[in-house]
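Participant: What follows is a structure written as structure tokens; I'll ask about it next.
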Amino acid sequence: MNPLYLASGSPRRRELLTQIGVPFTAISADIDETPLADESPAAYVERLARGKAAAGRGLITSSESQAPACVLGADTAVVLDGRILGKPLDQADALQMLMALSGREHEVFTAIALLDGERCESRVVRSLVRFRPISPAEAALYWASGEPCDKAGGYAIQGLAAVFVAGLNGSYSAVVGLPVCETAELLGHFGIPCWQNLPVR
């Protein structure tokens, strides 16, 4: 079986991949995440997921892997009114994002890409998240927690921001950062089964 590498520094993605029982090695693959002119959110996250997988594959030396390695890349974007909300630059940016999301529905696009050196397959998952109204005081308190700093859209659905979520249509795990169902399907296409750590009965 081909060894699997996760080209991501995200603890959330590592947890989700561990959850489906797939052994992997995490590597960091930094790429330029600047959106291209007139690039749709779906095309943007797919390009970045593929780029991260390719960058990760470039970091693996032949001595590290006797079998051809598979590299999984992923990217998530929060989108409001067609505009991609990245990671907040500072407190003012984070508070502005939270107040813009307050009481409204927004889109979350997450892409995954799996590359083995010969082929690359990818998937894009779109989810809708609806926030209840958020007061400026709540937004400031949430910022002070430190949680929004490195999150797309300035919030973590699996963390303290769960109290803001009034509804979700789509994949919860995709909003967190890795669509588990689609990831398992893609891994299967490359001969990597899930639940490898289950005890034999």
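A Cβ is built for glycine as well, from the same backbone N, Cα and C atoms used for every other residue.
Pulled the feature table from Swiss-Prot, pasting it below:
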type	residues	note
SITE	Arg12	site 'Important for substrate specificity'
ACT_SITE	Asp75	active site, proton acceptor
SITE	Thr76	site 'Important for substrate specificity'
SITE	Gln158	site 'Important for substrate specificity'
Participant: Provide, as an integer number of angstrom, the distance between the C-alpha atoms of the residue listed as 'active site, proton acceptor' and Gln158 (site 'Important for substrate specificity').
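Facilitator: Pair distance, Cα basis, whole Å: 17 Å.
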Participant: Could you check what DSSP calls Thr76 (site 'Important for substrate specificity') once collapsed to helix, strand or coil?
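Facilitator: Note: Thr76 (site 'Important for substrate specificity') is in a strand by DSSP.
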Participant: Which whole-number value in Å describes the distance between the Cα atoms of Arg12 (site 'Important for substrate specificity') and Gln158 (site 'Important for substrate specificity')?
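Facilitator: About 9 Å separates the two Cα atoms.
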Participant: Could you check the recorded sites Thr76, Gln158 and say which one's CB has the fewest neighbouring CB atoms inside 10 Å?
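Facilitator: Least crowded of the recorded sites Thr76, Gln158, by Cβ count within 10 Å, is Gln158.
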Participant: Between the Cα atoms of Gln158 (site 'Important for substrate specificity') and Thr76 (site 'Important for substrate specificity'), what distance do you get, rounded to the nearest Å?
Facilitator: 14
Participant: Any idea which of the recorded positions Arg12, Asp75 has the thinnest Cβ neighbourhood at 10 Å?
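Facilitator: Each of the recorded positions Arg12, Asp75 was scored; lowest Cβ tally within 10 Å is Arg12.
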